[in-house]
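A short worksheet on the structure shown next.
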Amino acid sequence: MGIHIPYLTSKTSQSNVGDAVGNADSVEFNSEHDSPSKRGKITLESHEIQRAPASDDEDRIQIKPVNDEDDTSVMITFNQSLSPFIITLTFVASISGFMFGYDTGYISSALISIGTDLDHKVLTYGEKEIVTAATSLGALITSIFAGTAADIFGRKRCLMGSNLMFVIGAILQVSAHTFWQMAVGRLIMGFGVGIGSLIAPLFISEIAPKMIRGRLTVINSLWLTGGQLVAYGCGAGLNYVNNGWRILVGLSLIPTAVQFTCLCFLPDTPRYYVMKGDLARATEVLKRSYTDTSEEIIERKVEELVTLNQSIPGKNVPEKVWNTIKELHTVPSNLRALIIGCGLQAIQQFTGWNSLMYFSGTIFETVGFKNSSAVSIIVSGTNFIFTLVAFFSIDKIGRRTILLIGLPGMTMALVVCSIAFHFLGIKFDGAVAVVVSSGFSSWGIVIIVFIIVFAAFYALGIGTVPWQQSELFPQNVRGIGTSYATATNWAGSLVIASTFLTMLQNITPAGTFAFFAGLSCLSTIFCYFCYPELSGLELEEVQTILKDGFNIKASKALAKKRKQQVARVHELKYEPTQEIIEDI
């Protein structure tokens, strides 16, 4: 339900308005009936502007907003500015991404430096796979229920619960002297990772203005890659320190404590407060998020959220959950959104990124590098830099475009790596990696270069786009839908973590990376035919696009139209008249 704004009174001449629209200049709209405090902004990206019949004394412009059930920037005086409060909420939530990345980064270094500290013996390949996969298993379990838990207990409480899981898991690992205690610690930490990996993007998407929702969600991915980079850096520094791996694990408690402390003083999202009937808190959060917005329109937004909340079927929590699951699978647009969300998360895992990161240390050793933790910084650093590139491009270039750039690039890099592995002659004997034949020394350099190329294309596309999953689903199935998608990611991670070393032994590194190249090629085809362009679209428009198909051409045309509208008119400033306020 959008706001109906009948007319905005202009003191600008008709010709000047026309020139402004054509030249993308701002047009000032003022009212003699209202105060400057109610000044707002509106962009043509989410509105159609129609010229109404002009009176003798003034021009009148009719603005017809596009309905959007969850777009704060449309409902709240069309204000696209980013407040310090929203920035604070985004960065605090994104600490979950940092902890996620740190967890995936430190285990690679820890497995190398553990030595005989567990059970007084060296870990076997099977034990390493179990320790690595335990976190993925824990994350898979909690991600299935995290979406529903977020609706029951709140996004904030779920994030704080994930902090407690991190603390328990880290303490068990730091104090571990047996393999099974280490594995249990990793499992419990995985519970926290699974909750945080789902709730943090959901939290950010619910407090972010639409025009920069993509960028703010990418901040979580940026912190994830930053966590990996920090973990590799710390691992390199502690590689030769006695019990350095315990210190490495213990350092994960620092961001956990920071996030938990900050969340104690910050609110939940407005949508959650509305779900619980606490309209006063919802109004308070919206006021702090959009400080230049009139109280009338904030109250209108709260009323709309109340209406949307009442539209969720079911009289109690179990019935609502069951009906939501049915609606997710039976409504065509929801089912297509689910296919896209789960498909992208599966692609992220089954194109070999985690596998390549795990093996990068051994690859670099074959060309003369001895500290595998240190050289892994090159790959994780590339991942971080190109995630930053995605941050600046995802809302401008578009989600679909960067995916169709990234996936073919990944396929090419994997093919080259497979060929290079074949000529380099690396094979596994079941216990350690052995260079059977070095072949041409240049093949090692080729592998290094294309591992970096792979990391760049991964970070640009499939490393970031799947976490935009919240925008695929309407409000009443978003929690369950994002749970499905995130669980798919962790199921894939579990499969890869528990089988990668076995694949290297059975089908050789060359065959393993050729397998990933084939999956990457199929993934490109999937995205080309099934993933529409969603950048700049209203949430209502996303559901319309997916109603009777994936409608790739229609989505591209609509996204192009939105960009043209923004190019024609940057913004319209206005002050609502009392007539408008009463009508709202």
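Note: Cβ is positioned from N, Cα and C throughout, glycine not excepted.
For 1-81 (among others), the entry in Swiss-Prot reads topological domain 'Cytoplasmic'.
Under the heading phosphothreonine, Swiss-Prot lists THR12.
Among the features that Swiss-Prot reports, region 'Disordered' is placed at 13-42.
The phosphoserine annotation in Swiss-Prot covers SER26 (among others), and the record cites a large-scale study or a structure entry as its basis.
Taken from Swiss-Prot, the feature compositional bias 'Basic and acidic residues' covers 30-42.
The annotation phosphoserine is assigned in Swiss-Prot to SER31 (among others).
For SER35 (among others), the entry in Swiss-Prot reads phosphoserine.
Taken from Swiss-Prot, the feature phosphoserine applies to SER37 (among others), supported by a large-scale study or a structure entry.
Annotation comment: Swiss-Prot describes SER46 (among others) as phosphoserine, evidence class a large-scale study or a structure entry.
Under the heading transmembrane segment, Swiss-Prot lists 82-102 (among others), citing sequence analysis as support. Residues 159, 162, 166, 192-193, 196-197, 199-200, 203-204, 207-209, 212, 216, 219-231, 251-252, 255-256, 258-259, 262-263, 266, 288-291 of the same chain lie 6 or more positions beyond the ends of the transmembrane segment (82-102) yet place their CB under 8 Å from a CB of it.
The topological domain 'Extracellular' (103-129) scores a mean pLDDT of 84 in the predicted structure. According to Swiss-Prot, the feature topological domain 'Extracellular' maps to 103-129 (among others).
Here Swiss-Prot flags 130-150 (among others) as transmembrane segment, drawing on sequence analysis.
Secondary structure of the topological domain 'Cytoplasmic' (151-163), assigned with DSSP and counted as helix (H, G, I), strand (E, B) and coil, comes to 12 helix, 0 strand, 1 coil. Summarising the annotation, Swiss-Prot assigns topological domain 'Cytoplasmic' to 151-163 (among others).
The transmembrane segment feature in Swiss-Prot is assigned to 164-184 (among others).
Same-chain residues lying 6+ beyond the ends of the transmembrane segment (187-207) with a Cβ under 8 Å from its Cβ atoms: 70, 72, 86, 89-90, 93-94, 96-97, 99-100, 103, 134-143, 146-147, 149-150, 155-156, 158-159, 161-166, 168-170, 172-173, 213, 216-217, 219-220, 252, 269-271, 285, 289, 467-471, 478-479, 482-483, 486, 489-490. Sequence annotations record features per position, and here Swiss-Prot assigns transmembrane segment to 187-207 (among others) based on sequence analysis.
The topological domain 'Cytoplasmic' annotation in Swiss-Prot covers 208-215 (among others) and rests on sequence analysis.
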| said: With pairs fewer than 6 apart in sequence excluded, do the transmembrane segment (164-184) and the transmembrane segment (247-267) have three or more C-beta pairs that lie under 8 Å? | reply: yes
| field | Interface present between the transmembrane segment (487-507) and the transmembrane segment (130-150) (three or more C-beta pairs under 8 A) | value | yes
| field | Within the topological domain 'Extracellular' (237-246), residues counted as helix, strand or coil by DSSP | value | 5 helix, 0 strand, 5 coil
